[in-house]
């Protein structure tokens, strides 16, 4: 009797099943694709071609940038001619799961004689000069980011362009970053820049069926976005982390179709024994020549042992893509995985349609009675782009501080901020707008929208005609779930500590930037947080005492500080 050939192993364990799809599973996959199309998940060919044109332009600009830097440094003509420079993509675009309005995560790789300072000093001006007139908008170099990055919009496409050098005199167009030799001599920061592309390429190499993986990932991404659990910076998995989770399920069911992968994804991840890490391949801990590079290892590095839901990147050096997850965001993720599992079970038995999985979150409509509103503000658009980014990167620290409060069971940050523009005529109005007053908000500007070009001029420039000042705000909302029996709580320490962390930033300008954290009841949330058909929570009716007078609420009983101070520090749990 011939020995049975074991099934091919994808990843770190043998597959759970190698069964081929049934007719019902294939039909469910077809229905999934149709629903994704109905949800507008696929981009038109014309828009995809537009992306290709933008990337071709960035490639030409990169090569010209390298040539100009090389000339200024007096390098020989042959070196200037052959220095090269190359644009790579990573993330959703490189994975092939981008949709309408998606940004393009982009990496510019240059030879060693081009420095980070050259990038920030020369690339932005060259970009504006070489791109079609008026096509570059919201150009924001982020000099202090861990990875050098310039953010901008090119012909309406959002671009995050990170930078890295190689220890080489030239970067040819046919360079592959999967070749580990490109890492030689690089420090950890430079490796992080390259790793976005390397990780994306490794993921695609490690899945059995790329088309199945892409369809399932589109479904999981849409679900995570609709349920507001998609944002690494806010303590949720980002695009690469969700991709690795889907890829792991594909490895366990290598012949399954996309509907089965979706169903198994929720079942497996709902029951995953965290903090056991999710890995797509064995973590490579071999020593390399050169600087000692840190590889994720909770046995060696104590900080790694604190990761709650570790999802580990496959490319060397392996890192945790989910180190930002907190106790609260982990709880929210697990609740959503449980909901997703229940719905996909119904879908796979023909009892529910796929659209049920993609129903929008209820964070504002039914989520919480109490919220904290974290409001960053500036009087110029350019200053606000930078300041709001810094504040956004620190909101997670406020969440962690809130989690340590005895009366808070859970602090749930919404996964994105809401941008608003305000037109003020007095200094008092400016201060009110910075503190969350929406009375001066520009008409017709909804949450997350951008002001017009005329409004985005320097807000400090008060015209002689109307003496107006534009105030630009970004508000992040944190839902508070209180422990049973909590009557009131003082959050002044947590709020003050968070504000201290933000305002101690060396680029903070107290003349331009402001930061306020205020308590907001659900019935007082701004109207622009609610979409069509959504019902804003109603203000509770005040009870009357036996003698006919209104009873004082717990807020009125416990709040003795001035109103502005009270809003920032106290939350009443009763009522």
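Glycine too: its Cβ is placed from the backbone N, Cα and C atoms.
Feature annotations, reproduced from TrEMBL:
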type: COMPBIAS; residues: 1-21; note: compositional bias 'Polar residues'
type: REGION; residues: 1-27; note: region 'Disordered'
type: BINDING; residues: 103, 105; note: Mg(2+) 1 binding site
type: DOMAIN; residues: 212-359; note: domain 'Poly(A) polymerase central'
type: REGION; residues: 444-466; note: region 'Disordered'
type: COMPBIAS; residues: 452-466; note: compositional bias 'Basic and acidic residues'
type: REGION; residues: 532-575; note: region 'Disordered'
type: COMPBIAS; residues: 539-552; note: compositional bias 'Basic residues'
type: COMPBIAS; residues: 556-575; note: compositional bias 'Polar residues'
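Mean model confidence for the domain 'Poly(A) polymerase central' (212-359) is a pLDDT of 96. Long-range Cβ contacts of residue 103 (Mg(2+) 1 binding site) within its own chain (separation 6+, distance under 8 Å): 157, 158, 159, 160. In sequence order, 89, 90, 91, 92, 93, 94, 160, 162, 196 are the residues of the chain that are 6 or more apart from residue 105 (Mg(2+) 1 binding site) and have a CB within less than 8 Å of its CB.
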